[in-house]
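See below for the structure under consideration.
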């Protein structure tokens, strides 16, 4: 007899009215399930997750046929298989403040400790000093959250800083043959991975003096908004990050009363879903309706184009950059030459002894292709030939990550690894106590030339050291996912860039052998890289701004950060990418965050819920579904085409198709004055040669009682180069520079 496989599905039913009792809604959902699930399988008539606070829906075990039948019911906006999402895995704040020319004083306004940040991640290590509540007042009375206990987590682990903690059980992905196998849940909000602890301390960690990672990156660790409260939603388990659980965490966070939600998680860029089948996009839409900002990492699938994730316009999407600090290990050759390699390595080698040096292809196992041994593929090296040597590997195949190459040579009993990689070397790899250095192509060629031209080549690798005041910085991290977005190119994504390379922050104590230098205790801090680390920098910056401007809407804060972002590095030149070319907005968004400048932006672009509803219309969703999502009688505009998405009042402009053989395209924007009541702004256009850009009017004036003014930007591509053209329109009043970045694809 054939049994159809059961799988975990999410059933999304639009906005919650708020007036219906949760028990009644849950009963209705169970009744809906009973109408499609056979009576002899009644054990499946149960809800795994139930959504009822900001939006309606549930998740349950269904067959593909049952999901198809359910999709035809009235009131169902979308139904999709529960996806498994990926984790997008401190000097950084000092660097941001130095770049702005301002000094951090820790003098936050009285409202600062009332900002509540919800972190959806892998949990938290509450004992870290980054989460102490010294000097923080009583918990705001509006807080409705809980501190859930677990087998290794008590209510006393929460405090006036860490005010909430929730966890969610893990569910096995596939059920078949009428047998349900429930995975053992992670019964605690405690962090099992370190990712959640790290990101949380970046966003809102308390000030901790003398923090370091085994004496590297020493200094004071702190988050972007050290006095903000934090609430943890452990949505990831050993089984992964379930989309249905993330959706439940967003629903809970909205109910609990957070101000900002931070999510350093996302779908793979290869398997993205449209906005109504993406759990983060769905939950974030309803958070935005409640004026709760959602900040998300853009993904680590760069440097290829069209890899950006979490790209819905109501999500604040973040790219990753380097900071002005590097970590380097010296490679000393037997001929007296020295090369500097990138590394976070606690090598036990020194200058007093050198070891035999070999290229991967020279110590290959029998019948191994040269291309594999050069890249140190698993199984490609001869253990007897490798033992006791320092091995040189290339990195031509990025499908084999550095961690694997390191394990390959380490398992073969090598003394160390020198990796040749031009792109990856800007992101130092943590090799623990195993000697390691990563050099660029030029240095690599010289090292290989030395090996080939010397009878008995030797080398040693010294421990890593800090390299402060590194230039140029910031640069775009090679791994940072790039735009344009896959589902629409008429919204510029990513939105903004923030530090995401070699970030020191709190961590769970290390336990793996080889990760702790001899004689050291496990470190409570670690150095990590990823857009996961960039995302909480923007979260902290948004909380910082909200603490000063607590009446500003989320779109005002987002606009303030975007229009004041910097587009220059610490050498005064335009931002660069990892290939040393000038970066463009599909890599950096509008630029690198500048939190202090964003406190006084002058003008802001307010993107309203109506803008987002129009976006959904222009994208092609039905008016019926949009009304379900908004709980309104919203009417779509008469004309609904993708190109009109460019017209929503977003703090940047993107045009996916400017036909050079057709009339110019005009884009309207409206600004709100949050600066001096009597001020006049003049526009300045920065555009590539051939692209004609005109602003009407080119001067806007604000007087007492007039705070909102509209203007139009005309784009004519008759003489422009084919492909994307990038530039900006800047409004200047003598004090404020309000930059509106644009990306225009001329065809």
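Quick reminder: no glycine exception, Cβ is built from N, Cα and C everywhere.
Among the features that TrEMBL reports, active site, charge relay system is placed at 121 (among others). Packing around residue 121 (active site, charge relay system) is summarised by its Cβ count: 29 other Cβ atoms lie within 10 angstroms of its Cβ, all protein chains included.
A 10 Å cutoff on Cβ-Cβ distances gives residue 195 (active site, charge relay system) a total of 25 other Cβ atoms nearby, all chains included. Among the features that TrEMBL reports, active site, charge relay system is placed at 195 (among others).
Per TrEMBL, active site, charge relay system is recorded for 532 (among others). Non-local contacts of residue 532 (active site, charge relay system) by the CB criterion (under 8 A, 6+ apart in sequence, same chain) comprise 87, 88, 89, 195, 198, 199, 264, 265, 297, 300, 500.
The domain 'Inhibitor I9' annotation in TrEMBL covers 9-88. For the domain 'Inhibitor I9' (9-88), residue counts in helix, strand and coil come to 27 helix, 26 strand, 27 coil, using DSSP.
Taken from TrEMBL, the feature domain 'Peptidase S8/S53' applies to 113-573.
Annotation comment: TrEMBL describes 648-744 as domain 'Subtilisin-like protease fibronectin type-III'. Each residue in the domain 'Subtilisin-like protease fibronectin type-III' (648-744) gets a DSSP state, and the totals come to 0 helix, 59 strand, 38 coil.
On the 0 to 100 pLDDT scale, the domain 'Peptidase S8/S53' (113-573) averages 92 in this prediction.
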